[in-house]
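Asker: Okay, handing you the structure first.
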Protein chains: 2
Amino acid sequence: MTSRAHPVDGGDLSPATDGGDLPIKSSPHRHKVGIPPKQNMFKDFMYTFKETFFHDDPLRDFKDQPKSKQFMLGLQSVFPVFDWGRNYNLKKFRGDLISGLTIASLCIPQDIGYAKLANLDPKYGLYSSFVPPLVYACMGSSRDIAIGPVAVVSLLLGTLLQAEIDPNTNPDEYLRLAFTATFFAGITEAALGFFRLGFLIDFLSHAAVVGFMGGAAITIALQQLKGFLGIKKFTKKTDMVAVLDSVFSSAHHGWNWQTILIGASFLTFLLTSKFIGKKSKKLFWVPAIAPLISVIISTFFVYITRADKQGVQIVKHLDQGINPSSFHQIYFSGDNLAKGIRIGVVAGMVALTEAVAIGRTFAAMKDYQIDGNKEMVALGMMNVVGSMSSCYVATGSFSRSAVNFMAGCHTAVSNIIMSIVVLLTLLFLTPLFKYTPNAILAAIIINAVIPLIDIQAAILIFKVDKLDFIACMGAFFGVIFVSVEIGLLIAVSISFAKILLQVTRPRTAVLGNIPRTSVYRNIQQYPEATMVPGVLTIRVDSAIYFSNSNYVRERILRWLHEEEEKVKAASLPRIQFLIIEMSPVTDIDTSGIHALEDLYKSLQKRDIQLILANPGPLVIGKLHLSHFADMLGQDHIYLTVADAVEACCPKLSEEV
Amino acid sequence: MTSRAHPVDGGDLSPATDGGDLPIKSSPHRHKVGIPPKQNMFKDFMYTFKETFFHDDPLRDFKDQPKSKQFMLGLQSVFPVFDWGRNYNLKKFRGDLISGLTIASLCIPQDIGYAKLANLDPKYGLYSSFVPPLVYACMGSSRDIAIGPVAVVSLLLGTLLQAEIDPNTNPDEYLRLAFTATFFAGITEAALGFFRLGFLIDFLSHAAVVGFMGGAAITIALQQLKGFLGIKKFTKKTDMVAVLDSVFSSAHHGWNWQTILIGASFLTFLLTSKFIGKKSKKLFWVPAIAPLISVIISTFFVYITRADKQGVQIVKHLDQGINPSSFHQIYFSGDNLAKGIRIGVVAGMVALTEAVAIGRTFAAMKDYQIDGNKEMVALGMMNVVGSMSSCYVATGSFSRSAVNFMAGCHTAVSNIIMSIVVLLTLLFLTPLFKYTPNAILAAIIINAVIPLIDIQAAILIFKVDKLDFIACMGAFFGVIFVSVEIGLLIAVSISFAKILLQVTRPRTAVLGNIPRTSVYRNIQQYPEATMVPGVLTIRVDSAIYFSNSNYVRERILRWLHEEEEKVKAASLPRIQFLIIEMSPVTDIDTSGIHALEDLYKSLQKRDIQLILANPGPLVIGKLHLSHFADMLGQDHIYLTVADAVEACCPKLSEEV
């Protein structure tokens, strides 16, 4: 038995099988803990580098291909249109045409309203639905995303720009700064993708995004009260207190009942159509075209009744013609350059978060792969080109993408269709929007942002993780009661704090043997698991790095202390072996090794032997390099906890 | 067999035992994955809170104690002197007396030199070795640490202060800012401890600290060339290029050969004594008292020869008397308050890093526990009190603490002894330092900082982790070639970047069955492990959070893709089951659950079944709450990989 217990020269696996000869196991011997072959330093570094930045192996298809094929693949990789374009057919076009027309009817009224959120003329909203979708259609890899201005980014951009330049007194400078910010938003997005740093946007946690979006939706809806109630004097702040104060202080003379009547009736119409669309998936087109119908009817109604003379505010003027060039308007020097970069980086990151989330969601639904980094380059390029053609920040719109998906789009051609419809609108139809009441646009925006308030998701977050819920609520209330930036800052800070907590406070668990098996599991999860007398088995559930090495050491000593007190109280045999289950410890650094050394020394003083079970390839390699494995002794490292316990047992009995 | 494979109604553990009846396992049945009882929300939150901030359970001893005892324990906890003081005896005092005298002889010349690094009068160095050690002796819990000014913090403080106020033109303001910074360094340290945020200093990785300390040591040694060579005009910058330029440009007329002779001979003496001390541990006192001997001999020599008239620079004047109060000199308003806070926070954190590392090292050697957070409060209070009594930032000195330890100290009384010796020096001996040549102080400092250049540690870091080594070298060269702050900034940034990488890029591994066992291990580590045909087993080595959920999903799909290609090439049966070993997945959040859902949908399209093995208590709870467990099916969750594989096998054979 003693010889068996030695890890090198053999032995059995399960303590339950002790003393029984198992005919089935022809050559019962214990496996040693494998030490992976030593890697060449450069190779090792390249491997880590590749796994970090190129984990999706983007060049996989290029291997072993002739030069001409490689060129074609490269072209397809930058412009996926060359890939899917070759298999394009009429059947696909039919789907794309229908979905393109549907999202166009949805986007035109939204665009006009969103541009106002960014304190820009309505035409810039339409411009931004013309150029960027065309660029994206050539470069993007998502088949379902619908590109254009979106509510949250418009609001964020409007708030950030307004803090720098007053849009009423300095409209030209304001516009130039908007283009500058758009340019740098594009550069930021493209750079993140190009340098394969796309994972940075993953640092905004889902919970924080849910809270931020919900708060932004409410803020946007509150902003619409201006148009909805026909108020002329309205606060520039976005926090709830200021807005409601502004609304109620103007209640007596500032509200316009005709406006309210128009707004309320069409909002009811929109909500009803949304309800119909939810009831039957086949009727998805009802809510999709309802906004355009509302615009047409209400415009006609105002034109007939001349309600604008009764104080109903209308769009009044919408320039005819396509996007003028705006390259010369971008600031490339001076104070405004720095401001533009700062605003662009923030707006670009938020826009990216939304677009990437949409891309992933629909890709998972249809099971195709999206290369996140390539996607970012596409989104970035479309904003860079957009900034030079009078567009402001465009990204993927969740509501329009969902309609696009349901209308049966097959490829990015639906974006091209939409873009053409917007082009035609800009060329010929803009004068028709003259009498469109602002209240309708407000109703359309309120209707559009309601789904951003995702109460279901918040409930799930509450159930699953309380800390996440705090992050979610922090972002939500930050946006509502302070400002969009502060809400975003709270969201990012809490997300980071959570990562830091996760890294510094890894979990540890005491393991017990599950009866009649050689399996050791957390005794809190498996109350039937029993601890072996004289042996304490602890699992450390994380890589041991400088950020947590001291915590791990201290926590293990506390487990030991608690267990020793229990043992003393029950007058059981004293603990002689401390087994650390290292399976989840995927890596260790010098601080971690020092912590193990310190632990080893502490245990030595108390006459407790330290034993490691199943250190991973990296860990065992480093333990050998640092000579800790020699200090501990090779016979104190086992393949499994069961092996280690079996090895301890005979030694235990000697003393008892 | 099929019924056996069902996880609920029984079955065996190891696929290797299929078909063989094992008499030893009396009741062969498969265990279900345990779902821990649902916790009360408040309890759950408190548990997390406690594990995060009170993992060491500091109030453990207070439980079930009468009020009077609790008061006593509370007092002892704030002032550990009431704890160890009661068992203090003459034998302990003997050890403390010897070690106290030894570190006093070491600290007096060092203090005078270190104060110069901070651009302060030498007396402030001595002041800082008088008050802070007394405070620490009452409140601190380390028995071996020696308190006083240290080289790196002095240099850092000097650099930071000098950037704000010129010490030559505005000495009074400079001094006031120094006290202000010291005050806020103390507040920072105490606050970190009080709010149990001590783990924040763990974010400075060991590698970064090694690099930073090494760089700072070289910078400090280079600064000493001024005193060592007797140069009068010396650059204020600390980077290597500026310093060497300053040294060589003054080579022709600025160097003083008498100074060099004195400095070089005593440096040789100091290094020799250090060598002797290393050779024989019993002679540790030789290097410990060598500095004081050097000071005495050289001072006497200069006094006799009047070498100061030959251009040998001397201390000239050292005020007699103890620390004056400096409370009124601290800035509590104005611009200088903000500067003081900023400098104090940085200096306090660095000082804390050094002291805590020392405390932990020696505590591990003698196996006693140090409460990191309490320790920080003690260190903070000592600097707050120090700032009001003309001291600058004091902390634990590594070199003096090592001497203290080797000289056989038992308690913090050795610090009191040292403090008394410094007091006597201040009262009576300061005039004797008048003729001490600056070159001796330079030699003492050079000798003292050499051990900070820890080449062994750097080599180990290089061997163990290449990324860590880059952090180490970044900090090192940052300090040497730019400045102390930049080096520190590089160290912190790289440490953080490493944490972020660790969190976003968790490891994954393909598992194989180790022959004749039911154990599944990484096939890269165990080349003998074999994969079961038709089944792909992947282990995810980290909690799945928002920061890595997309990576995990994409990486798993890539493993699958690669494996499918291999299988196709070898015309093996196609992969029908994807088993995810969840043992190391200690936690999951909503983003992680979404990633699993997306993965599940992708696999469904490809007709591959997703199976989870051994989800932990938190994970299984959350999977149930979010209904993912129902979506997946209870019979797709197993206790072990072996169980899961066994369950797949019969289903596989049906198709083949």
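Just so you know, glycine gets a Cβ as well, placed from its N, Cα and C.
Pulled from TrEMBL, these are the listed features:
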REGION    B:1-36  region 'Disordered'
TRANSMEM  B:145-163  transmembrane segment
TRANSMEM  B:175-195  transmembrane segment
TRANSMEM  B:207-225  transmembrane segment
TRANSMEM  B:254-271  transmembrane segment
TRANSMEM  B:283-304  transmembrane segment
TRANSMEM  B:341-364  transmembrane segment
TRANSMEM  B:376-395  transmembrane segment
TRANSMEM  B:415-433  transmembrane segment
TRANSMEM  B:440-462  transmembrane segment
TRANSMEM  B:474-497  transmembrane segment
DOMAIN    B:525-648  domain 'STAS'
Asker: Using a Cβ cut-off of under 8 Å, list the residues of the same chain at least 6 residues beyond the transmembrane segment (B:175-195) that approach it.
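Answerer: Tertiary neighbours of the transmembrane segment (B:175-195) are 118, 120, 124, 157, 160-161, 164-165, 201, 326, 329-331, 336-337, 339-341, 343-345, 347-349, 351-352, 372-388, 390-393.
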Asker: Residue list, the transmembrane segment (B:415-433) vs rest of chain: Cβ under 8 Å, 6 or more residues beyond ends.
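Answerer: For the transmembrane segment (B:415-433), the list is 96-97, 99-101, 103-105, 107-108, 111-112, 122-123, 126-127, 129-131, 133-134, 136-137, 145-148, 295, 299, 315, 318-323.
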Asker: Is it true that the transmembrane segment (B:341-364) and the transmembrane segment (B:145-163) have 3 or more CB pairs under 8 Å, sequence gap of 6 or more?
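Answerer: Output yes: the transmembrane segment (B:341-364) sits against the transmembrane segment (B:145-163).
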Asker: Let me know the model's mean pLDDT on the domain 'STAS' (B:525-648).
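Answerer: Value for the domain 'STAS' (B:525-648), mean pLDDT as a whole number: 88.
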Asker: Count the Cβ pairs between the transmembrane segment (B:207-225) and the transmembrane segment (B:440-462) that lie under 8 angstroms and are 6 or more residues apart in sequence, then report whether there are at least 3.
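Answerer: Between the transmembrane segment (B:207-225) and the transmembrane segment (B:440-462), contact is present.
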Asker: Any chance you could find the range in B:254-271, B:283-304, B:440-462, B:474-497 with the most Cβ pairs under 8 Å to the transmembrane segment (B:145-163)?
Answerer: B:474-497
Asker: Is it possible to list how many residues within the domain 'STAS' (B:525-648) are helical, extended or coil according to DSSP?
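Answerer: Going through the domain 'STAS' (B:525-648) residue by residue, I get 62 helix, 21 strand, 41 coil.
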